[in-house]
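Reading through the structure tokens given below for one structure.
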């Protein structure tokens, strides 16, 4: 892609984390502060949680519907997680990026790996808990059983190991600080010289 095409096209941030790390809260506050960024609404077969809105938090669909979308090649990535399916629409993603808008995607490490193979130019950010002990306490507060917590922690260890393959790592030791760190990453990526050739030329022509 030439410089003009790279500058005109938006870029996307992939935000991943282990379960219970606070990724959703970070993403929501980030979007409030950076309204120019569009959230990629995923499809899922899980039921909506209290307060979630169809088409805003997720597109809630049946497993039959989801499988039909897989067969039609609609997803840029999809995965099964705890018996439920999640997927990102490739068509929507391509359209938004070609319009020059930036996006943020909230997906798990396995889905991020698939996306990385299929789409270039993404910025991959992994959110870490301060410690596994802190994460265990958060899961207990959510009312999960000890057996479920042990099961989740086994998977969490596998997910956290994937952080080494990401571009950036954010510790969620404080929600406010975590959001600020994500904002800094976004602004730094926006300021890359490869995305600023129009502004550079504007200064050169400003005499």
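Glycine residues also receive a Cβ, built from the backbone N, Cα and C atoms like all the rest.
Keep in mind it's a predicted model, so treat the numbers as computed, not measured.
Among the features that Swiss-Prot reports, domain 'Guanylate kinase-like' is placed at 10-187.
Taking a C-beta cut-off of under 8 angstroms and a sequence separation of 6 or more, residue 19 (ATP binding site) has the following same-chain neighbours: 139, 152, 155, 156, 159. Residue 19 (ATP binding site) falls outside any helix or strand according to DSSP and counts as coil. Feature annotation from Swiss-Prot assigns ATP binding site to 17, 18, 19, 20, 21, 22, 23, 24.
Between the candidate binding-site residues, 20, 22, the densest Cβ environment within 10 Å is the one around 20.
Cβ atoms within 8 Å of the centroid of the Cβ atoms of 17, 18, 19, 20, 21, 22, 23, 24 (the ATP site) belong to the same-chain residues 127, 129, 172, site residues excluded. In the three-state DSSP classification, residue 24 (ATP binding site) falls within a helix.
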